[in-house]
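Peer 1: This is the structure I want to talk about, given as structure tokens.
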Ligand code: 5AD
Ligand code: SF4
């Protein structure tokens, strides 16, 4: 069997794709790079907003056409598969295999079945299963918990991913060891709300560390860089900020979604904190981690959001001074309380607010990034950048950064970089050698460069 997985959505989904691919390979499948080569195509779906749902609909339509022309098995996994909305689509587009986020290990049964197979139960043994570490890759994700116990009124995730289940610390550290043995240098701990790790359904699990303790354990493992995502402010404790501040391997990077700066909107979202409480967390973070890079998520145009409410989001942005933000227009999701109880605002109003917020974000990102010019940043390079002759990577604070290839630096690895230039979106700089001086750039043998350096005779 030749299999191909298309992945939409968040990092949790990327991890799940890796898990399912490892299962497919263990059942004898060859993973191929394109739909055309595959006889089994699986779409890992996202349901958090309307747009990713519509994308899946389009792809399912295309796949149904292909099915009419050649033998092809089509599967759908992930968040949308768990919802009635997704199941309706599955029926309409003749999907053969359907796996919810809690039934990924049913892929084996699905392959054995000679008929339509739908697996939608939440099974805990998922946590016992460890995918092989990604050989040769420097970065890896590590899921430490699944599901979410919060009930934000706009969010479909508690429905699609179920209640929170933390993975055992032994299980997590075992996977980390495998990743380290495979050469991983940066690990990102993943969960819908990692701060609540070890407290499932409100009850502290015996023998489980707190999230801050887990961070310290991972930080001592020998891995060079540790990041985590994502966090609900309600479960953020000062000890997490302290753990980041005092553990060298944990990156100075915090993504703390605020969603809105208005107490009235936060209440309607059922976020369980107010602006003041959120700002207290930010103050603690800044105290423990002076050079922290701060990211957030913001939803604009939540039902009932007034101009005054929106102004409070803008002023909160200034008060925190975020390095960057993921910004979304509110998208009513069937099955959520806000869909049921509140009236959606007009599209133009939401779009206009998003534009104003994006302008603010760009302004701050430009200022923050410009402040990095002249500093030395530790960069994990992944490989060649889009621009020929350059490498791309990211800093400990998750800034995208490019640098010219240099003599004595591999294309993938961790290097010190002096930042020379900034835009609102990324940084660029020069790779430094062990003596702190820039390494010589690799000569670029394009005809233009060669002509300038005189390496080729001018025509
Ligand atoms: N509409 C718009 N954005 C949403 N998010 C979650 N649900 C919705 C929705 N219904 C955003 C939140 C969350 C991020 C992952 O997606 O900001 O933090
Ligand atoms: Fe999308 Fe949320 Fe599911 Fe991730 S957890 S795939 S963001 S719906």
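Placement of Cβ uses the backbone N, Cα and C atoms for every residue, glycine included.
Look at TrEMBL and you will find 1-116 tagged as domain 'MTTase N-terminal'. Residues or ranges marked as [4Fe-4S] cluster 1 binding site by TrEMBL: 10, 46, 79. Residues annotated as domain 'Radical SAM core' in TrEMBL: 134-367. Annotation source TrEMBL lists [4Fe-4S] cluster 2 binding site at 148, 152, 155.
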Peer 1: Inside 10 Å of the Cβ of residue 152 ([4Fe-4S] cluster 2 binding site), count up the other Cβ atoms and send me the figure.
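Peer 2: Step by step: centre on the Cβ of residue 152 ([4Fe-4S] cluster 2 binding site), count other Cβ atoms within 10 Å, giving 21.
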Peer 1: Between residue 79 ([4Fe-4S] cluster 1 binding site) and residue 148 ([4Fe-4S] cluster 2 binding site), how many Å separate their Cα atoms?
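Peer 2: Answer for this pair: 13 Å between alpha carbons.
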Peer 1: Other than its own, how many Cβ atoms are within 10 Å of the Cβ belonging to residue 155 ([4Fe-4S] cluster 2 binding site)?
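Peer 2: I get 21 for this one.
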Peer 1: Relative to ligand 1, which of the binding-site residues 46, 79, 148, 152 have a Cβ found under 6 Å from one of its atoms?
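Peer 2: Qualifying residues: none.
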Peer 1: List the residues in the vicinity of the [4Fe-4S] cluster 1 site, defined as same-chain residues other than 10, 46, 79 with C-beta within 8 angstroms of the site's C-beta centre.
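Peer 2: Output for this site, in sequence order: 8, 9, 12, 13, 45, 47, 48, 52, 78, 80, 157, 160.
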Peer 1: Which site among 10, 46, 79, 148 has the most other CB atoms no more than 10 Å from its CB, taking these as binding-site residues?
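Peer 2: Max Cβ neighbours within 10 Å, all protein chains included: 79.
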Peer 1: Write out, in the order they occur in the sequence, the residues of the chain not among 148, 152, 155 that have a C-beta within 8 Å of the mean position of the C-beta atoms of the recorded [4Fe-4S] cluster 2 site.
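Peer 2: Filtered neighbour residues, in order: 150, 151, 154, 156, 157, 158, 192.
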Peer 1: Looking only at the domain 'MTTase N-terminal' (1-116), how are its residues distributed among DSSP helix, strand and coil?
Peer 2: 57 helix, 23 strand, 36 coil
Peer 1: Which binding-site residues from the set 10, 46, 79, 148, 152, 155 come near ligand 2, judged by a Cβ under 6 Å from any of its atoms?
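Peer 2: If the test is a Cβ under 6 Å from any atom of ligand 2, the answer is 10, 46, 79.
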Peer 1: Find the average pLDDT over the domain 'MTTase N-terminal' (1-116) in the predicted model and report it.
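Peer 2: Its mean pLDDT is 94.
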Peer 1: What whole-number Å value do you get for the CA-CA distance of residue 152 ([4Fe-4S] cluster 2 binding site) and residue 10 ([4Fe-4S] cluster 1 binding site)?
Peer 2: 18
